[in-house]
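Right, one structure below, let's go through it.
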Amino acid sequence: MPGPAVDAEKVPFRSAKEEIRAGVGVEGSEGGGGGGGRERPGARGHRQDIVWRNVFLMSLLHLAAVYSLVLIPKAQPLTLLWAYFCFLLTALGVTAGAHRLWSHRSYKAKLPLRIFLAAANSMAFQNDIFEWSRDHRVHHKYSETDADPHNARRGFFFSHIGWLFVRKHRDVIEKGRKLDVTDLLADPVVRFQRKYYKITVVLMCFVVPTLVPWYIWGESLWNSYFLASILRYTISLNVTWLVNSVAHMYGNRPYDKHISPRQNPLVTLGAIGEGFHNYHHTFPFDYSASEFGLNFNPTTWFIDFMCWLGLATDRKRATKQMIEARKARTGDGSA
């Protein structure tokens with residue numbers, strides 16, 4: 001069973017706007033009492049240089065993924081199943097690992113599980129755990145401001161992929177430096193992955209997915225590389241990005257109508273349980289990232305299974321009373 005809910009007033013990484021409504025002044029937030037200036041949506045006052053290397057590499061990756069589609073009929077069924085299995089591992093490295101464990105500390109994981117999730121996270125190749133988690137904490141605390149790495153108020157393209165095509169806004173860097181990330185640096189698994197990130201990415205994201213089909217059931221290296229590595233990697237990237245873009249623009253807001261994140265079932269389907277985004281931004285400490293627990297939430301299934309095995313503990317959960325009170329106070333009435 002899920003662990004007891006934590007006190008909402010003690011939950012870390014609340015958004016700046018949420019702290020405003022709770023009467024807590026936040027430097028640089030909208031209307032905050034900390035004396036900071038108003039955070040403006042967008043980056044009109046700050047030029048962000050285009051990172052042409054990223055533009056080129058991402059364009060090349062997506063072109064290669066399109067080419068990969070023509071190889072699907074030529075590949076062995078086991079290769080396609082392997083590619084999907086690698087996609088699930090990749091997703092768990094982000095959702096159960098970098099997101100719910102390391103960014104939000106919504107549950108605790110023992111060393112074997114942390115090692116597994118770190119390996120899966122390297123397969124995801126979306127920055128190392130430390131950087132991913134730090135930026136995600138900034139995203140929650142300063143959502144929809146210039147300090148948000150993928151500020152949805154700058155449009156669909158920017159929040160989906162465009163934010164990777166430019167250098168980080170100075171506010172993202174500044175706010176990130178002010179966050180307390182000592183818990184991340186205290187984890188030897190996080191430190192190891194960060195130190196050897198390039199090596200682990202090459203092995204987990206490209207070498208292992210490619211060699212397994214070739215070595216075990218005789219798939220061609222060409223098919224293995226493009227399907228289990230390139231296509232799988234490209235799809236997993238876009239699924240994660242959909243949470244930043246689609247789930248911040250399309251859907252209802254039953255828990256807090258004053259924030260951008262929405263409930264989006266299609267994103268939930270692709271991102272194995274991460275599409276209950278209005279709930280997640282309202283109750284970021286909840287390990288399930290959803291009011292509905294096991295209602296198509298594979299990441300929650302995985303964490304619960306790890307708890308059953310004794311590899312995870314201390315799952316945090318919002319109480320029913322807390323959820324209903326929040327719906328009545330700030331929800332849009334859709335649920």
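Here the Cβ of each residue, glycine as well, is placed from N, Cα and C on the backbone.
Restricting the average to the topological domain 'Cytoplasmic' (1-54) gives a pLDDT of 45. Taken from Swiss-Prot, the feature topological domain 'Cytoplasmic' covers 1-54 (among others).
Annotated compositional bias 'Gly residues' per Swiss-Prot: 25-36, in sequence order.
What Swiss-Prot lists as transmembrane segment is 55-75 (among others), and the listing cites sequence analysis.
Annotation comment: Swiss-Prot describes 78-98 (among others) as transmembrane segment. Non-local neighbours of the transmembrane segment (78-98) in the same chain are 72, 117-124, 126, 129, 132-133, 136, 209, 212-213, 217, 219, 223-224, 227-228, 231-233, 235-236, 239-240, 271-274, 298-299, 302-303; each lies 6+ residues outside the stretch with a CB under 8 Å from one of its CB atoms.
The Fe cation 1 binding site annotation in Swiss-Prot covers His99, His104, His136, His140, His280 and is backed by similarity to another entry. Long-range Cβ proximity for His280 (Fe cation 1 binding site), meaning a same-chain Cβ under 8 A and a gap of 6 or more residues, is found for Pro261, Glu274, Asp286, Ala289, Ser290.
According to Swiss-Prot, the feature topological domain 'Cytoplasmic' maps to 99-198 (among others). The topological domain 'Cytoplasmic' (99-198): residue composition by secondary structure is 66 helix, 3 strand, 31 coil, according to DSSP.
Taken from Swiss-Prot, the feature transmembrane segment covers 199-219 (among others).
According to Swiss-Prot, the feature topological domain 'Lumenal' maps to 220-227. Helix, strand and coil counts from DSSP across the topological domain 'Lumenal' (220-227) read 7 helix, 0 strand, 1 coil.
Among the features that Swiss-Prot reports, transmembrane segment is placed at 228-247 (among others), with the record citing sequence analysis.
Annotation comment: Swiss-Prot describes 248-335 (among others) as topological domain 'Cytoplasmic', evidence class a curator's inference.
Away from its own ends, the motif 'Histidine box-3' (277-281) comes close to residues 15, 140, 143, 243, 247-248, 251-256, 259, 261-264, 267, 289-291 of its chain (Cβ-Cβ under 8 Å, at least six residues beyond either end). Annotation comment: Swiss-Prot describes 277-281 as motif 'Histidine box-3', evidence class a curator's inference.
Packing against the transmembrane segment (55-75) from elsewhere in the chain are residues 161, 164-165, 219, 222-223, 226-227, 230-231, 233-235: each is 6 or more residues past its ends and has a CB under 8 Å from a CB in it. Cβ-based neighbour count (10 Å, all protein chains) for His99 (Fe cation 1 binding site) stands at 24. Figure note: comparing Cβ neighbours within 10 Å for the binding-site residues His104, His136, His140, the maximum is reached by His104. Within its own chain, the transmembrane segment (199-219) is flanked in space by residues 75-76, 78-79, 82-83, 86, 118-120, 122-125, 193, 225, 228-229, 232-233, which lie at least six positions past its ends and keep a Cβ under 8 Å from the stretch.
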